[in-house]
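Per TrEMBL, these features apply:
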- ARG107, GLU157, PHE204, GLU205, GLN206, MET207, GLU208, GLU314, THR315, SER316, ALA317, GLY318: substrate binding site (BINDING)
- 189-191, 199-204, 273-274, 318-321: ATP binding site (BINDING)
- 15-353: domain 'Aminoacyl-transfer RNA synthetases class-II family profile' (DOMAIN)
Amino acid sequence: MSQELTEYQGPATMEKITSLAKRRGFVFQSSEIYGGQSGAWDYGPLGIELKNRISRNWWKEMTQLHDDIVGLDAAILMHPRVWEASGHVENFTDPLVDCKKCKSRFRADMIPEENLAAKKCPDCGGELTDTRKFNLMFKTHIGALEDESSVIYLRPETAQGIYVNYKNIIQSNRMKVPFGIAQIGKAFRNEIVTKNFIFRTCEFEQMEMQYFVKPGSDVEWFNEWKKRRWAYYEKMGVKMDHLRWHQHGPDELAHYAKDAYDIQYLFPMGWRELEGVHNRSDYDLTRHMQFSGKDLQYIDQDNNNDRYIPFIIETSAGLTRTLLMVLCDAYDEEKVADKGNDDDWRTVLRFHPSLAPVTVAVLPLMKKDGLAEMAKDIQHELKQDFSTDYDQSGAIGRRYRRQDEAGTPFCVTVDYESKDNNTVTLRFRDSMEQVRIPRAELAERIRKEIKAYKRIK
Ligand code: GAP
């Protein structure tokens, strides 16, 4: 087995990723012209394309490729009793301390123990308050009245929307245990520590799948889903030595979990959770049965109408956190002097072509002599099948650099020879190699290259 990496070794830093994300229109700070809103980020033209591709890729993997998994899109606003039943009102808390002097707020589990013991602020040395529990759910009011009767929460996980619909789905779609329900959607948490760009934010998106199994088969299914989720990242082309498992110890287990493993990724700031695979036992459905008074038992018609509350195996990945992982994983810097282009370094995002926001950019060598018209015509043809970009401004080397930074895997260049013999050059982002091919073969060649793609670095 290869030795586990102890720390991040690539060229990315969170500063570089944040600045590239802004420069190229992946992610902007929310409400920037007002000084920014912490914990919230806006996804620009390339960011939304990347996010959509990641979520479509997950959706395909979890629904299209599994006959026993169906989709759901539940509302963010749910009956407040849901969150009492789920245990979030009582247990979804972080331990917090405040500095009485500088007013900074810290998660008690994230400051050095000596500061906590001496009750001294790690920033200014001032006195810290006692540790208290702080609930992470955003609370607001629904309707005209603002009192206890109108309290409503923004969901802190998408999972509960699946549990309260599980009977509807069994009935409407004739699902039989074991089966799963997948969902992608927004979740909200009043996080106190929101540094590291989009890693931990107050508004984020989750891609969750809840798999309902017969009690007793839960450990087997738990292991099976661990295997499948690991294989998913392998298929995505993620650097596998940047992934590892981390099992939750007794102190880390969420209130609902019988067993839990995280898939951690080696981000520039170190190993951090990317996705959780949880054995939630029959906790959630039992609680919803108690709190709603509705019978949520499954009736096993193939087995003498046996009744039981299914156990739930959950796979829960952050969509926005996966986007950060994909950016970090793709980020590279490279000296290109020996490649015969500009005598400098380039920054390149080595996205898998199926995830890249722009698949192919079409660039006329010159604007004049009909080259721009021909290039636009080629782009128009290609856009029926691929996401495309057209760029005619600046030196060609500069334009390649811009596309490298956006992670565009293919560039098509139209030059004078193109006009003579209807050929174009196809440039590959990773190797920077170029081949001349007939215009008529372009779409098919790009399709083939996407299928056969192997990352070279
Ligand atoms: N339903 C189970 C659940 O929500 P979790 O471990 O709290 O479990 C699952 O969250 C995933 O959601 C995490 O692995 C992470 O990818 C993402 N996530 C959680 N909190 C987040 C936050 N504040 N900002 C961005 N992503 C977050």
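Keep in mind that glycine also has a Cβ here, set from the backbone N, Cα and C atoms.
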Within 10 Å of the Cβ of ARG189 (ATP binding site), how many other Cβ atoms are there? 22
Separation of alpha carbons, ALA317 (substrate binding site) and CYS202 (ATP binding site) (Å): 16
What is the nearest of the binding-site residues ARG189, GLU191, ARG200, LEU274, ARG321 to ARG107 (substrate binding site), using the Cα of each? GLU191
Around the C-beta of LEU319 (ATP binding site), how many further C-beta atoms are within 10 angstroms, looking at every protein chain? 20
Distance check against ARG321 (ATP binding site) for the binding-site residues PHE204, GLN206, GLU208, THR315, keeping those with Cα within 10 Å: PHE204, GLN206
For the binding-site residues ARG200, GLN206, LEU319, ARG321, which residues place their CB under 6 A from an atom of ligand 1? ARG200, GLN206, ARG321
Please determine which of the binding-site residues listed here (CYS202, LEU274, ALA317) has the lowest count of neighbouring CB atoms within 10 Å. CYS202
For GLU191 (ATP binding site), which of the three DSSP-derived states applies: helix, strand, or coil? coil
In angstrom units, rounded to an integer, how far apart are the Cα atoms of PHE204 (substrate binding site) and LEU319 (ATP binding site)? 8
Those binding-site residues from GLN206, GLU208, THR315, ALA317 that fall inside 10 A of LEU274 (ATP binding site) by CA distance are ALA317
Substrate site residues ARG107, GLU157, PHE204, GLU205, GLN206, MET207, GLU208, GLU314, THR315, SER316, ALA317, GLY318: biggest Cα-Cα distance, Å? 27
Using all protein chains shown, find which of the binding-site residues ARG107, ARG200 scores highest when you count other CB atoms within 10 A of its CB. ARG200
